[in-house]
Amino acid sequence: MMPILQIKNLTKRYGGLTANNDISFDVAEGEILSVIGPNGAGKSTLFKQIASFVSVTSGEVLFRGKTISNLAPHVVARMGVVRTFQETTIFKSMTVRENIIVAHHLRSKASLLGFFLGSKLARADEAAFGKSADDIVDFLGLEAIRNELASNLPQGHLRALGMAIGLATGPTVLLLDEPFAGMNHDETMKMVASVRRLRDERGVTVMLVEHDMPAVMKISDRIVVINFGEKIAEGTPAEIQANPRVIEAYLGSEDAAIGM
Amino acid sequence: MTKTNLAGIGVFLLVVFVAVPMMIAVSGRWDFYYTLTSVALLSIGSAGVWLTFYIGRINIGQGAYALMGGYVSAVLMTKVGVSFWLTLPLAGLFCAVISVAIGLPILRLRGVYFAMITLVLTEVTRLTALALPVTNGAKGITSIPLPGALTVFGVPLIPDFATIENPKLAFYLLAVTLMVLTYAALWRIVNSRLGHLCRSLQQNEELASSIGVNTAHLRLLAYAISSFFGGIAGAVFVAISQSIYPSSFVVTDSVNFMLYCFVGGLGFVMGPMLGTFLLYFGWDLLSVAREYQLLIYSAAMIALMLVLPNGVLSLFDRREGPK
Amino acid sequence: MEQILANGFYLGAQYALIALGLTLIFSLMNVLNFAHGQMYVFGGFVTYTVVAQLGLPFIVGLFASAIILAIMGALIEVYLFRPVIRKSKREESTMLLAAGIAFFLDAAILLLFGEKQRGVPKIVDGVFNWDMRIIMPYDRILIGVLAIALIAGFIAFMQYSKAGRAMRALAQDRVAAQLMGVDVDRYSMIGFALGAMLAGLVGGLLVTITGINLGMGGPTSIKAFMMIMIGGAGVISGAIAGGFILGMMESVGLTMLAAYGDITYLAIFASLMVFLAFRPQGLMGKPWG
């Protein structure tokens, strides 16, 4: 079967600085793949390149065999590759439910004029979005904060909301940017379970960039390790934990130990 | 829409269409017609500026579109002999098209950068009007005919303004009708998906594009609608004054449009209307102070900023968002 | 051609000085000072009053403009901008305040100095004539040289004085500067005063050549905005470059496009838009957003 995402010789240079160099790997449909690496290894740039938020210097990203690199981010999102954000990137002055409803934009069948005039199709869309938003709220266990203003939410909920926004677009591939950062153990485990259910129940392919090693080991089908902008290893969690180059990369940095 | 909302709208319509004309007739203050007509037309322009605020852009260029709209209407009427009623939508459309061409490069700018370039746009439009032959330079275009009769399929809808006994009242009703239509459209925009997407753009452009919103298109659309409103307002002003000069709308007017929105409050659809009314009417009332008019007006504005930096309507509601 | 370049250079020096003040205020407090043009006009009227009404030497007038505008700038920062910045939810609120101040200064100028065009007698007579290639009155040359000297002085001040370094740190990164022990309030005030002073000084310089009137404030602000957009807002070298570029374009445009009527500014604006489409941060600005 053709991989759903193919990352081919991806390179990014900023002036004389090389952020990542000749990185290649594939993501299979329906898998959970994590990209890890010490701080400053180029994970973040790689992630943004895949979602097309950053241009590529050379190489390309293919989604179902079609190149998506250097397209506008909203075009890539329309094709089904949707990213979430690291920090508190949400629509702050909307409620949780409003955030999720707005994120249904890609699924609307009616035109903006149709919405303006309140056409039949638009009303059907609105009803469908409301219902779908409620489903997502239930799915991620956000019932208690459904009508809370997003700017009032605590950290942990913000991340769940970020994922809910991504989910609302109806993605084929969801790219999660450090979904466990700043969470305690319980919150992390809840999030791990949510991501797994996302894949199991909704068939979404998930690629994530993360620091939290125990969580990564628990959640991933496969792991790609990068260091100094280059891929140094790829394999199952067990293979990665046994790989001497990975251990070296982590011991050589000030980052936390690889957490086995 | 709730019952209270509907009742509010009913009262509002009664006041502007019935109570105001009656009160003016009773009090004999016919001059208020001109003031209130101006308020209504300026509110249309402010509604546009408010919409660009709604996508997170500070627009200090509405004067430019009011001027353009005015000239389009004036030129079409005097040189081509088109009826005023047809020039009205044409003026709006002309501004919308121009704003798309101008918006393509400048809407990528944010914050003060966008604000600065729109302000420059106003001045450049004035200079262009001075330079072009079709606008007749500094002499402007004068003796523009009053709006003629409007007949649709042989049905006379609006009589010829030149034959009306009280054109002041007619212009007032025209301006107020347009204002009501503008704000109804604005309310619909804000409370439909378009408005929700505009809000998403205002709050976080990156996140908006991650959920598939074509941010560049949406910005252009909002800016074009905004400029359409500006053009309409300008065209009616020309019909009232029957003349237009390059100085009919200048930088001060552009700044004023922005101030009306600020003062009314950026989180409320009715904010720009209220702001326009307060500032313009206030300015008019202050004319009794003669040479101290501007001093008092500006001092009051500065004081307002110190006391209520988030707009007058923020008194009633702390939460941002449409009402 | 030489004449066009000389005119452009002379204009550019004035413009750069105006843009410097505006960009300084912007870089320190992220405030777009709408009242900059009015401050310039105010400065011009102060010099006019001192020189033409009181009969004192030109240099005294210039000093008076500088001091009065500096005090005005400091007061405006401390009593108006500071509290509004502290209380408001959006940074745009400062724009409303700045516009209010611009109107207020317009009103104050009208009441204090009237609406007539004012000028002072020539400070130097004679015309420099190089073979009919460059013809320029001596007073223009003197003002141009003074403006350049002021620009040089300003750069030296920002580069070598303690206050200058503190302000540059503040412009770079407000929070970091605060952590490093820079007194943010104090240097915001000094910066605003300095920016206003520069505007006043240009007003004082130009009153000798073009005279001054109430209506010059708004257009001057607009030109200053264009300059800092060309050069990149908040960057000192950008303001200087923007000033000279606009001066040059204006001088070239007025000559070359004269046949087509007064469309210089339309041409400049169109090129500015094209330029910004490719380089939204201006020539020397930092990329943002």
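Any Cβ shown, glycine's included, is placed from N, Cα and C.
TrEMBL labels come from automatic prediction, so no person has curated them.
Listed in TrEMBL for this protein:
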TRANSMEM  B:6-26  transmembrane segment
TRANSMEM  B:33-54  transmembrane segment
TRANSMEM  B:60-77  transmembrane segment
TRANSMEM  B:84-106  transmembrane segment
TRANSMEM  B:112-132  transmembrane segment
TRANSMEM  B:144-164  transmembrane segment
TRANSMEM  B:170-190  transmembrane segment
TRANSMEM  B:220-245  transmembrane segment
TRANSMEM  B:257-282  transmembrane segment
TRANSMEM  B:294-316  transmembrane segment
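Take the transmembrane segment (B:84-106) and the stretches B:33-54, B:60-77, B:220-245, B:294-316: counting Cβ pairs under 8 Å, B:220-245 has the most. By the Cβ criterion (distance under 8 Å, sequence gap of 6 or more), the transmembrane segment (B:6-26) is not counted as touching the transmembrane segment (B:257-282), fewer than 3 such pairs being found. Counted over residue pairs 6 or more apart, the CB atoms of the transmembrane segment (B:170-190) and the transmembrane segment (B:294-316) come under 8 Å in fewer than three pairs, which marks the two as apart. Sequence-distant contacts of the transmembrane segment (B:33-54), counting only residues of its own chain at least 6 positions beyond either end whose CB sits under 8 Å from a CB of the stretch, comprise 20, 24, 62, 65-66, 168-169, 171-172, 175-176, 178-179, 182-183, 186, 189-190, 195, 198-199, 202, 222-223, 225-230, 232-234, 236-237, 240, 256-258, 260-261, 264, 266, 269, 271-273, 275-277, 280-281, 284.
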